[in-house]
């Protein structure tokens, strides 16, 4: 084939391809035009669609109302439930600087709540975190037993004092923040702000640093406003779906209530608190769902606060010897008897033990029948508080009593630039238990401290 024939052949092929392409384009235009005409003439006729659309619906977990009408379970001792080892892990991992951890349970899970300092362990921002109240403190939570890291934790509220509890439907959180002379408690229900409570004495409004207590859809908390070393003002709040529906101020002259540990028992609420003014035994307040209340002090000569005198003769009023200052704590009332949790040291926040005094709620002697070791006196402890596992969680027909212990490390007792803590928890059982020591165990100082 000579060059002219090649040119003619290639040109013919290109012309044929062009004609075919033109015909296809014309056909496509006609098809679109016909489709448009059909849609115009039949506007209500459904158009078939072969697209596959996936719909994602979040399945809400079944909710119940936590009745709180059961009595405390009979127990003979305490089984270890959790230990987060957060200070040990935080020497190399990303762990929040925290204090005031506490545990609360819904009908599905238990969570550790804690007040962060807006800083991580072994980091420059941990410097000076011995301070209680700052605008950087937040309430966060994580699954019980896990170290409070940024990757496993959930933000709850901006707060330097807090409480939280679950009514069977949603979490209620109470976070107090703001200046000492005008702080405000922000109430959230299911993560949404629902109410606020303004400081009524303008003197460091503060709350429990442990779980509130829920009965039949209502949740109850105790707040303090006023001096930490003399008469202050104390209020009980009844909260439903995050809104305050009733409150009452306690008529409690010569009493001092701070950082109450509250739990439901047979449809009523019992709170055991800290007297920072003049009592080395613990004050209590119990009330029904209408906020009709009774007040007193644990009578036992086995004293529950720290600092405190050696055990001796108790009082159903404040025991003033070594009564100033104190530490958050708890007890569980069983009729006339009481389980008392306390530091082993009478003068510092070290060691921890549980003591059963079979008549200690009402009698003043110092005899007791059981003692279980939790932390050795040579190791640091700190705050402690109660929490309850409802029958809806455990499947029992009673309220399981539990407690947590904060294990404070760092300042002011150790040579670090920071203050933080880990936590352990125990639950009451009516079977075999063991006493031992479960300390924090971190080796200090950290790199940032050197």
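Just so you know, glycine gets a Cβ as well, placed from its N, Cα and C.
Taken straight from Swiss-Prot:
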- 132: active site, proton donor/acceptor (ACT_SITE)
- 275, 279, 305: Ca(2+) binding site (BINDING)
- 73-398: disulfide bond (DISULFID)
- 105-110: disulfide bond (DISULFID)
- 165-212: disulfide bond (DISULFID)
- 214-219: disulfide bond (DISULFID)
- 260-273: disulfide bond (DISULFID)
- 262-271: disulfide bond (DISULFID)
- 299-316: disulfide bond (DISULFID)
- 402-427: disulfide bond (DISULFID)
- 1-6: topological domain 'Intravirion' (TOPO_DOM)
- 28-450: topological domain 'Virion surface' (TOPO_DOM)
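A distance of 28 Å separates the Cα atom of residue 279 (Ca(2+) binding site) from that of residue 219 (disulfide bond). With the fewest other C-beta atoms within 10 Å around its C-beta, 132 stands out among the recorded positions 132, 275, 305.
The two recorded residues, residue 260 (disulfide bond) and residue 165 (disulfide bond), show a Cα separation of 14 Å.
Checking each of the disulfide-bonded residues (73, 110, 262, 273, 316, 398) against residue 219 (disulfide bond), the C-alpha distance stays within 10 Å for none of them. Cβ neighbours of residue 214 (disulfide bond) (same chain, under 8 Å, six or more residues apart in sequence): 66, 68, 165, 166, 167, 168, 172, 220, 264. Taking each Cβ in turn and tallying the other Cβ atoms within 10 Å, the top scorer among the disulfide-bonded residues 73, 110, 165, 316 is 165.
Sequence-distant neighbours of residue 299 (disulfide bond) (same chain, 6+ apart, CB under 8 A from its CB) are 281, 314, 315, 316, 360, 361, 362, 363, 364. In this structure the alpha carbons, written CA, of residue 73 (disulfide bond) and residue 273 (disulfide bond) are 22 Å apart.
Cβ environment of residue 105 (disulfide bond): 111, 166, 387, 388, 389, 390, 393 lie under 8 Å away, each six or more residues apart in the same chain.
Here the Cβ of residue 219 (disulfide bond) has 29 other Cβ atoms within 10 Å, regardless of which shown protein chain they belong to. Among the recorded positions 110, 132, 262, 398, 402, 427, the ones whose Cα sits within 10 Å of the Cα of residue 273 (disulfide bond) are 262, in sequence order. For the recorded site, residue 275 (Ca(2+) binding site), the DSSP three-state label reads coil. Looking at the topological domain 'Intravirion' (1-6) alone, the prediction's average pLDDT is 56. Comparing the Cα of residue 275 (Ca(2+) binding site) with the Cα of every entry in 110, 262, 398, 427, these being the disulfide-bonded residues, the smallest distance points to 262.
Comparing C-alpha positions, residue 110 (disulfide bond) sits nearest to 402 among the disulfide-bonded residues 212, 398, 402. A sphere of 10 angstroms centred on the C-beta of residue 271 (disulfide bond) encloses 28 other C-beta atoms.
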